[in-house]
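J.: Okay, handing you the structure first.
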Protein chains: 2
Amino acid sequence: MTSQHPVAPGRIVAIGGAEDRTSDLEILREVFALAPEGQDEVAVIATASGIPDEVLPDYEAAFSRLGASRVHLLGIRDRQQAAEDDTVRLIKQSGVIFFTGGDQLRLTNVLGGSPVLSAIRDRLEDGAVVAGTSAGAAAMPGTMIYNGAAADALRKGAVNMTFGLGFVDGLIIDSHFLERGRFTRLMEVGASNPEYLGVGLGEDAGVIIHPNGILEAIGPGHVVLIDSRDLASSNIADLSMGEPVAVEHMILHALVSGHGFDIEARRYLVPHELGAILAESR
Amino acid sequence: MTSQHPVAPGRIVAIGGAEDRTSDLEILREVFALAPEGQDEVAVIATASGIPDEVLPDYEAAFSRLGASRVHLLGIRDRQQAAEDDTVRLIKQSGVIFFTGGDQLRLTNVLGGSPVLSAIRDRLEDGAVVAGTSAGAAAMPGTMIYNGAAADALRKGAVNMTFGLGFVDGLIIDSHFLERGRFTRLMEVGASNPEYLGVGLGEDAGVIIHPNGILEAIGPGHVVLIDSRDLASSNIADLSMGEPVAVEHMILHALVSGHGFDIEARRYLVPHELGAILAESR
């Protein structure tokens, strides 16, 4: 992945966790609406979750209500299951592939390099929508955060990162962002390499990542962006591990539903600007 | 208060809470060192605290260790006590006046308009140092935050504000900032009026506010600044109460000990720049 924004024709939807699954289904409705014409089967992957049997039925009910013809509940607990032909076949049939929350390291550890992951990438190329919530959102970029105490993550080495699922590049995603006060995590990442946009998803909020590199905020919550491209100075390279990181000049935005952002141009899009760009690209 | 930075000749020190009181005393040592020559009595005001008898002895021991000739422990529980001549006299004798943590609304409710508060303002004019931690820091500006759930304070009306003690103007102070994830509180304040600098103090971190409007970070923790002066757009005025606030372009800095900021010029000062400015003003 060398480009700075997504190139696959399918939409990616990253959700900050705790999205409504039983009432208005505002975010899940947007996810399902992005499925390609006539592809109304949904695959829900609960690999990240420690309690798949508790999580999966909610999604089955929600997507069924929204009009899915079939909802495939895929636990995928280990690498053997991530290679099963039957599971790959169900992925290939689905217009929506949805990752539940849980632990993003379990997600990458089980799915990394697997036939199931290859099949999902192929589906994305073919225009399917790939969505994930909480850990399922955090794991989407080429590089992900999997640990880091929010209390003060702005200390050298406090944030643990590794390769993600690689659906999108040029950004880093954090979830439960406002609720768990995770600003310092994205600040540390931004200080370590200012090239990548920090995307902090609040609960019951999400972003659609359009193929042209446009972010579109959805849901009742907030999407916070931390743009470090113009970082003026930081001491991070000179510090010992654990020492506090200084940061001069990062740019902070808070998007609500209907607002957008152009990743490449680093430009905030108010609703009429976002609408014009999305209409153009259709 | 019409000026945009402090004009009193004394130093103000605002601390984010949980400063070391028993070991190295890094921050309290800096506070005591700012006392005018020969004025080595300290007044500790525990009005904000619900447990003054537990809090005061720690400060008595700490300031005594640092060389205070006397430490006056002032509970000041009500407005009658805030008017007592004996208490006013002890304030007048002290080169350091220190506010403990607790509830900033108790602090302003008991001290607002009182003879004790007048005496403290006079001391500041005469060059004494006025310091406060946690609630004692939050209450220092002309306007203060006294409530607002950090989980998502970036909703119209989520942050409650009122008049503070008025020792400094042009900024708003929040404490326990990184530990409690309070970024959204200062973002809401910045959206409501972008003129005022947001100062977010981490625990065991503080700022010296020099009379020339220079902030100097001290202590092992972080001082986060949210500068909304260049805010490009926000929907805040169009929202109903409780709706999520959008914010386009705030500037974020994280200062560590030895780094500074020029409030008026909105300029980050790396250590050698801060050192030069402070040397000049001596």
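Here the Cβ of each residue, glycine as well, is placed from N, Cα and C on the backbone.
Feature table excerpt (TrEMBL):
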ACT_SITE  B:SER134  active site, charge relay system
ACT_SITE  B:HIS176  active site, charge relay system
ACT_SITE  B:GLU203  active site, charge relay system
J.: Within a 10 Å radius of its Cβ, which of these active-site residues (B:SER134, B:HIS176, B:GLU203) has the fewest neighbouring Cβ atoms?
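T.: Counting other Cβ atoms within 10 Å of each of the active-site residues B:SER134, B:HIS176, B:GLU203 gives the minimum at B:HIS176.
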J.: Could you measure between B:HIS176 (active site, charge relay system) and B:GLU203 (active site, charge relay system) for me? Cα positions, answer in whole angstrom.
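T.: It is 5 Å, counting Cα to Cα.
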J.: C-alpha of B:SER134 (active site, charge relay system) to C-alpha of B:GLU203 (active site, charge relay system): distance in Å?
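T.: Here the two Cα atoms are 8 Å apart.
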